[in-house]
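Submitted below is the structure of interest, expressed as structure tokens.
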């Protein structure tokens, strides 16, 4: 009887273990099937969610690149306008006559800003070859555009050591209070800068220059 009880007890334990094992298998099988069924749904949803997200990211990156390119372009334009030696002239209310092609016409004067660097004598010769002279400042009112000049340019003003005066190419004497002469270097020639200032410079130093032609 004890053997039978032991056998029944062992059988009950085995059945219990088998039942538990079957339950575990069933759970695992259910879990596996559920995951297999869930994965396509998740992947499908992921694909559905990823596609707009990827598209948005692509647009954001493209806009970022476009912004960087635009900033670079505008920076280059700004720097070029900041350091460019040529001057943009407001022509409102101005009067003018015929000028050489591509020259600036302002109040019966023609101006050309040359970016090539020459010494004073070479600059003078270049202007003369175009039937013009180096810049002559004679009126703050008629030549108010010269306030916009940002860089240093040769003008037709030269120092006469014998009498200490400053004369223009045509021999006329510099009018008082027309230009503020500033000694930048030892020399007998003058550069024009902004706000009606003249800077003394060695005549052999290469600089850009302004040619001027009167139309009347």
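Quick reminder: no glycine exception, Cβ is built from N, Cα and C everywhere.
These came from Swiss-Prot, pasted as-is:
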- 96-105: disulfide bond (DISULFID)
- 99-110: disulfide bond (DISULFID)
- 127-211: disulfide bond (DISULFID)
- 189-203: disulfide bond (DISULFID)
- 98-213: domain 'C-type lectin' (DOMAIN)
- 115: N-linked glycosylation site (CARBOHYD)
- 131: N-linked glycosylation site (CARBOHYD)
- 163: N-linked glycosylation site (CARBOHYD)
- 202: N-linked glycosylation site (CARBOHYD)
- 1-51: topological domain 'Cytoplasmic' (TOPO_DOM)
- 73-216: topological domain 'Extracellular' (TOPO_DOM)
- 52-72: transmembrane segment (TRANSMEM)
Return the member of 99, 105, 115, 131 nearest to residue 203 (disulfide bond) in space, with distance defined Cα to Cα and candidates limited to these recorded positions.
115
Cα-Cα separation of residue 163 (N-linked glycosylation site) and residue 115 (N-linked glycosylation site), in Å?
33
Under DSSP, the domain 'C-type lectin' (98-213) has how many residues in helix, strand and coil?
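DSSP classes over the domain 'C-type lectin' (98-213) add up to 14 helix, 49 strand, 53 coil.
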Would you kindly give the Cα-Cα distance separating residue 211 (disulfide bond) and residue 115 (N-linked glycosylation site), rounded to the nearest Å?
11
Averaged over the domain 'C-type lectin' (98-213), what pLDDT does the predicted model reach?
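Here the predicted model's pLDDT, averaged over the domain 'C-type lectin' (98-213), is 93.
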Highest CB neighbour count within 10 A among the glycosylation sites 115, 131, 163, 202?
202
With every protein chain in view, how many other Cβ atoms are within 10 Å of the Cβ of residue 105 (disulfide bond)?
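The answer is 19 other Cβ atoms.
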